[in-house]
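For reference, TrEMBL has these:
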TRANSMEM  24-47  transmembrane segment
TRANSMEM  59-79  transmembrane segment
TRANSMEM  91-108  transmembrane segment
TRANSMEM  120-143  transmembrane segment
Amino acid sequence: MSATYRIQDEPRPGAMGHLVVNPVFPLLSLMMGGAWLGVPWFIFNSFAMGSTTRRKETVLAVLVVPVTLLLFFLLGILLKLEVLTTASMPYAGVGITVWKLAVGYALFNLQQRNFALHEYYGGVVRNGALVLVASIFIGPRILMTLTGGNRALLALLG
């Protein structure tokens, strides 16, 4: 029987460990391409690198959709109660964008520590720039196809 030394916080890459990217790429993808790609990419990256905080990251990422829907309903109720006017709705809608970006930043911070350890211990790191650029230019077409042009779904996934 041989004993192996293992650091508790050291990431344990999975079968997809060779596809790990720097967490800045999913964050930029969330900012530039939308939540439809950024959030799943964060989850994939977390499992690929074997992040020690992957449960926390997954829960946070999964909360994006229901909380975004809740914010939409809240804005609709405030509009119906005439607390907000139609002229102020675009400004109030910025809160939804802020919510998505805040979650993206939190996911980035959670993954950055594990990524640094992954990279330090010789883990393979891929460049995510190609996917990022593709999401910026091709993403809107993909998003329109996925949602059928539905404005509510576009706002939810965008």
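Each residue, glycine too, has its Cβ placed from N, Cα and C.
Sequence-remote contacts of a segment are chain residues at least 6 beyond its ends whose Cβ falls under 8 Å from one of its Cβ atoms, and for the transmembrane segment (91-108) they are 23-24, 26-27, 30-31, 35, 38-39, 42, 57, 60-61, 63-64, 67-68, 71-72, 75, 78, 84, 155.
Panel annotation: around the transmembrane segment (59-79), residues 35, 39-40, 42-43, 85-86, 89, 92-93, 95-96, 99-100, 103, 106-107, 110, 152, 155-156 of the same chain, lying at least six beyond its termini, place a Cβ under 8 Å from a Cβ of the stretch.
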